[in-house]
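Novice: Could you have a look at this structure, given as C-alpha cells, before my questions?
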Amino acid sequence: MGGAGALLLLLAGAGMGVAWRPPKGKCPLRCSCSKDSALCEGSPDLPVNLSPTLLSLSLVRTGVTQLKAGSFLRTPSLHLLLFTSNAFSVIEDDAFAGLSHLQYLFIEDNEIGSVSKNALRGLRSLTHLSLANNRLEALPRFLFRGLETLTHVDLRGNPFQCDCRVLWLLQWMPTVNASVGTGACAGPAALAHRQLRHLDPETFKCRAIELSWFQTVGESALGVEPFSYQGEPHVVLAQPFAGRCLVLSWDYSLQRFRPEEELSAPSVVSCKPLVLGPSLFVLAARLWGGSQLWARPSPGLRLAPTQALAPRRLLRPNDAELLWLDGQPCFVVADASKAGSTTLLCRDGPGFYPRQSLHAWHRDTDAEALELDGRPHLLLASASQRPVLFHWVGGRFERRTDIPEAEDVYATRHFQAGGDVFLCLTRYIGDSMAMRWDGSMFRLLQRLPSRGAHVFQPLLVARDQLAILGSDFAFSQVFRLEPDKGLLEPLQELGPPALVAPRAFAHVTVAGRRFLFAACFKGPTQIYQHHEIDLSA
C-alpha cells in the first residue's frame, strides 16, 4: 500500500479505529471491521451492509470491474477511502457522490485506464488524492474542478502520453496550492522519460482550425470585398455574368447572408467600396461600357451612379484597390489594355478624378497598395514584365524597384506578421511564391506548386494568418503561417463543395462568427465558417 497504507495505520492509531471487533450484522463477508473502519480483501464485489457511520474503508484485490455512479451512497461519513490492487479499469461520473466529508482518496496499483471528467464531483473536503501506479495515459480536463481543499496529489507511475491531452494539467499545476507528483512521460517518443513538471506548456500546439461550408450565393463572381457601414458588416460581390455589383448583409433572423442591394454593372470585374462617414461609395470597374462611381450620400438612400471614371484611360480594367494618400482616399485601377493605362484616381470635391497615369503600355493585371518603411507603396503586376514597386514621393508615385525572380506573376497580395511584411505572388504557370521584405527589396521565402492559380490570398482570421491558394484544376489549398518557422504550412483543402475557378477570398466577422467568402468565376460563391478546435479538450 505504500504511503496510503502508512496513513491508514496512522489514522487508526489516532483513534479512527479501535480493536478489530465486527459489529453484529454490519461486517460483510471477507471484510474485517472495527467501530469506525473496514478492510475488505478478495471480495467479488463492493461490500454492502456497511455501517453508515464508517469513517475508513479499504478495498484490496476485489473483483470490482468499475466504479459506478453512487457506489458509496450508503457510507456518507467516510473520511478515508483506499483502493489497491483491484481489477477495475473505469471510474464513472459521480462515483463518489455523497462523500462530502471524504478527505483521503487513494486509488493505487489498480488497472485504471479511464476516469470520467465528473468522477470526483462533490468531494469538497478532499485534501489528499492518489491515482498512482495505474494505466492512465491522460486525465480529463476539469477533473479537479471544485476540489478547492486539495493539498497533495499523486499521479506518479502512470504511462502518460505527453501530447495535447496533458496540456491542461501542465497549466493547472502552477495555479493550485497543492504539491503534485506527476512522474514521467511514456510517450510520444520525443518526450519519453521526461518529467511532466519539466515540460513547457508554451511548446504545445494544441489549437486547430477548420473551415466548413456554410452557404452558397448563386451566380459566379470575380471579386468579393467586405466593408462595414453604419456599424454593420457588408459584402459586395462583382458578378460579371449577372451584370451587377451585389451587396450582401447579415440577416439576424435567418442567420444567413442575404442580398440587400444590386448595382447594374455589365462586365464588371471589381466592385470596390469606400465608406466616408455616412456616405458609401462603390467603384465599379467594367471591361466594357466604362467604369462608374456609385454613391449613397446617407443611410436610407439607395446607391446611384454619380460619375463616369477616366473613360479615355481605363479601357480594360482588371483590378481596383483603395488607398489613402496624404490623408485623402484614392482608387488605383489596373488596366490590362495596350492603349489604356493604370490610373490613380483621387477625391476632389464630390468625385474622383485622375491624378496620375502609371505603367503605360504594360498591360497591368493587378494592383496592390501597401506600406513599407512608413511610406505608401504600390505594387503593379503585368503580363509583360516582373512586378514593379512604386513609392509615394512628392505627391506622386515613382518607381523604386522590381521583384527579382518573379516572372509571369498574375497578382500580388501582402500581409504583415511579427513586424515583417510578406508578399504572396500568384502564378498561373509554375510555382506561386511567398516573399519577405528585407528593407530594400522582397526576397524569396518559399515556393508553392500552383498550376492553374489566379489567386493567392492572405487573410488574418482571428489569431491565424492564413493564405489561400485557389486553383482552376485542383482543390484550393489553405495554408497557415507558422510563427516558429516563418513559413506557410498546409492546413486543409477547401471543400466540399469544391470551388470552381476561384478568383478572390475575403474574411467577414458578424455576430461573433467568422466567415470566409470564396468568389468563383465558373461557379457560385461559397461561404465557409471558421471554427476553432481545442485539441487539449
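Cβ atoms here come from the backbone N, Cα and C positions, even for glycine.
Just so you know, TrEMBL annotations are computer predictions that nobody has curated.
Pasting the relevant annotations from TrEMBL:
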SIGNAL    1-19  signal peptide
DOMAIN    158-207  domain 'LRRCT'
REPEAT    210-252  repeat 'EAR'
REPEAT    256-298  repeat 'EAR'
REPEAT    302-349  repeat 'EAR'
REPEAT    351-394  repeat 'EAR'
REPEAT    396-439  repeat 'EAR'
REPEAT    441-483  repeat 'EAR'
REPEAT    487-532  repeat 'EAR'
Novice: Is the repeat 'EAR' (210-252) close to the repeat 'EAR' (487-532), in the sense of at least 3 CB pairs under 8 angstroms with a sequence gap of 6 or more?
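Specialist: Per Cβ check, the repeat 'EAR' (487-532) touches the repeat 'EAR' (210-252).
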Novice: With DSSP helix as H/G/I and strand as E/B, how many residues of the repeat 'EAR' (396-439) fall in helix, strand and coil?
Specialist: 0 helix, 28 strand, 16 coil
Novice: Using a Cβ-Cβ cut-off of under 8 Å, list the residues of the same chain that are 6+ residues beyond the ends of the repeat 'EAR' (396-439) and lie near it.
Specialist: 319, 344, 355-356, 358, 365-366, 368, 370, 372-373, 377-379, 381, 385-390, 445-458, 460, 465, 467, 469, 481, 483, 486-488
Novice: Please work out the helix, strand and coil residue numbers for the repeat 'EAR' (441-483) from the DSSP assignment.
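Specialist: The composition, in the requested order, is 0 helix, 31 strand, 12 coil.
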